[in-house]
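Asks: Checked Swiss-Prot, it gives:
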- Glu263: active site (ACT_SITE)
- Cys297: active site (ACT_SITE)
- Arg72, Arg79, Arg154, Arg155: alpha-D-glucose 1-phosphate binding site (BINDING)
- Arg72, Arg79, Gly134, Arg154, Arg155: AMP binding site (BINDING)
- Arg72, Arg79, Tyr184: beta-D-fructose 6-phosphate binding site (BINDING)
- Thr165, Lys191, Glu228, Ser244, Gly265, Glu395: NAD(+) binding site (BINDING)
- Thr165, Lys191, Pro192, Ser193, Ile194, Gly224, Glu228, Ser244, Gly265, Glu395: NADP(+) binding site (BINDING)
- Asn168, Arg296, Cys297, Asp298, His455, Gly456: D-glyceraldehyde 3-phosphate binding site (BINDING)
Amino acid sequence: MRAGLLEGVIKEKGGVPVYPSYLAGEWGGSGQEIEVKSPIDLATIAKVISPSREEVERTLDVLFKRGRWSARDMPGTERLAVLRKAADIIERNLDVFAEVLVMNAGKPKSAAVGEVKAAVDRLRLAELDLKKIGGDYIPGDWTYDTLETEGLVRREPLGVVAAITPFNYPLFDAVNKITYSFIYGNAVVVKPSISDPLPAAMAVKALLDAGFPPDAIALLNLPGKEAEKIVADDRVAAVSFTGSTEVGERVVKVGGVKQYVMELGGGDPAIVLEDADLDLAADKIARGIYSYAGQRCDAIKLVLAERPVYGKLVEEVAKRLSSLRVGDPRDPTVDVGPLISPSAVDEMMAAIEDAVEKGGRVLAGGRRLGPTYVQPTLVEAPADRVKDMVLYKREVFAPVASAVEVKDLDQAIELANGRPYGLDAAVFGRDVVKIRRAVRLLEVGAIYINDMPRHGIGYYPFGGRKKSGVFREGIGYAVEAVTAYKTIVFNYKGKGVWKYE
């Protein structure tokens, strides 16, 4: 892989590039060296240096004592200019960023390029976040207690925000969390996934080159357990976390009383009504299952089709999944690349076996093709047994979904709402009355009509209910989690309260 922006920052050791952490002012780290393996062939492609406990302490101290003020005191127009310049830098280096995403995250080239472009767009649209920063004026005329007073309500940055990012969008998620934290005047400490931390390092370098205050950002390459010290630290006022529900619950337990954006487990249901365009539904559902090998929180995991169209629908979805080419993502003809690790394939195969043992039938795929490669899979599940299956009860982060024939919309809604997650749902059909009923009753954060769920750059807000998280991400919507209200009350009663000159 090319060093790109990090040339001069990366050192080589035994022919392997070594990426440092960024410690709120300097690149470095004296902790352990952690191997970074490519999911393509499990070869070591880099190492990252984690900071020592003392370096973490010093970094948080810099962010808290200086960095949060550097970010807050920088005029909003200058913050916006920094983010726009960073977008230009990333865009100029698109090929290098995409190459790293292919090698480190195992994304097919087209998906990697798409993620880089999404990061660029997110940075350029930061000005839309500013539309949500306004406050309120409250006259005190309406209660005896507040007569001759008035109040102003304003939003202020919290200080230091911890951005904990997942492996599936290692560039975009880092850029997104940094963007909305910084545009509102916060300093940011980024803890990337240790599976693919390289894109986040490149993003931080682009931001620094664009003029980001050097003491207002940090990148700490820490394994999960060691990262708890960031979350638990009282100098960190908010945590923006994307990852599994289990880890998210641990983050809240360790972090205690502070503000959180939690984008957690998902896996979405897709409901197909009897009057749906079946070609459209099959196309969207298949793509929702296999895109980035199903390693997306908004991937389709449960297909619920009304009885008159069920047979044709699952036949078409199975046909599309069976036609996909699985393999090395560096090959432009490949549709589906590897899962992030062999253990992810193990989990998928165990879930398929569990489904078959409980009455399920594999309609497409179902075979392991290598340590990290697997066929996209559709499993037919009886309506009266599906709730017992791992595929229903848990989010299996892989290209696999179960399909259930339902007698009507109400049964579909009941099965969709029965899962512990509530991120998104898709509904395919033409009957406006039925669609409106689904919109009202589905317990999810977003509903996509005649489309697959896809959060994209967050142009529309996203986030879930139940075990899928709290608060929302998306342009302008994370303001709730990374700022605080401050109320200022003016008293005009009595003589000598105000001096007029």
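Glycine residues also receive a Cβ, built from the backbone N, Cα and C atoms like all the rest.
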Asks: Helix, strand or coil for Glu228 (NAD(+) binding site)? Use DSSP.
Replies: helix
Asks: So how many other Cβ atoms are close to Tyr184 (beta-D-fructose 6-phosphate binding site), meaning within 10 Å of its Cβ?
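Replies: Result for Tyr184 (beta-D-fructose 6-phosphate binding site): 26 other Cβ atoms within 10 Å.
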Asks: In sequence order, what residues of the same chain, 6+ apart, have a Cβ less than 8 Å from the Cβ of Arg79 (alpha-D-glucose 1-phosphate binding site)?
Replies: Ala71, Ala126, Phe182, Ile183, Gly185
Asks: Most Cβ neighbours within 10 Å: which of the binding-site residues Arg72, Arg155, Arg296 is it?
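Replies: Counting every other Cβ within 10 Å of each candidate, the maximum falls on Arg296.
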Asks: Round to the nearest Å and give the CA-to-CA distance linking Arg296 (D-glyceraldehyde 3-phosphate binding site) with Arg154 (alpha-D-glucose 1-phosphate binding site).
Replies: 36
Asks: Most Cβ neighbours within 10 Å: which of the binding-site residues Thr165, Asn168, Ser244 is it?
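Replies: Going through Thr165, Asn168, Ser244 one by one, the largest Cβ count within 10 Å is at Thr165.
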Asks: Judged by the number of other CB atoms within 10 angstroms, which among Gly134, Pro192, Gly265, Gly456 is the least packed of the binding-site residues?
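Replies: Candidates: the binding-site residues Gly134, Pro192, Gly265, Gly456. Fewest Cβ atoms within 10 Å: Gly134.
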Asks: Could you tell me which of these recorded positions, Ile194, Cys297, has the fewest other Cβ atoms within 10 Å of its Cβ?
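Replies: Among the recorded positions Ile194, Cys297, the sparsest Cβ neighbourhood within 10 Å belongs to Ile194.
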Asks: Just checking, which of Arg154, Lys191, His455 (binding-site residues) has the fewest C-beta atoms within 10 Å of its C-beta?
Replies: Arg154
Asks: On a simple 10 Å Cβ count over all chains shown, which one of the binding-site residues Glu228, Asp298 is most densely packed?
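Replies: It comes out as Asp298.
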Asks: When you rank Pro192, Ile194, His455 by Cα distance to Thr165 (NAD(+) binding site), which of the binding-site residues ends up on top as the closest?
Replies: Pro192
Asks: Which one is it: of the recorded positions Glu263, Glu395, which Cβ has the fewest other Cβ atoms within 10 Å in this structure?
Replies: Glu395
Asks: Let me make sure I understand the span of the alpha-D-glucose 1-phosphate site: among Arg72, Arg79, Arg154, Arg155, what is the greatest distance between any two Cα atoms, in Å?
Replies: 19
Asks: Restricting to the recorded positions Arg72, Gly134, Arg154, Lys191, Glu263, which ones have a CA within 10 Å of the CA of Cys297 (active site)?
Replies: Glu263
Asks: Determine, from DSSP, whether Arg79 (alpha-D-glucose 1-phosphate binding site) sits in helix, strand or coil.
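Replies: Where Arg79 (alpha-D-glucose 1-phosphate binding site) sits, the three-state DSSP reduction gives helix.
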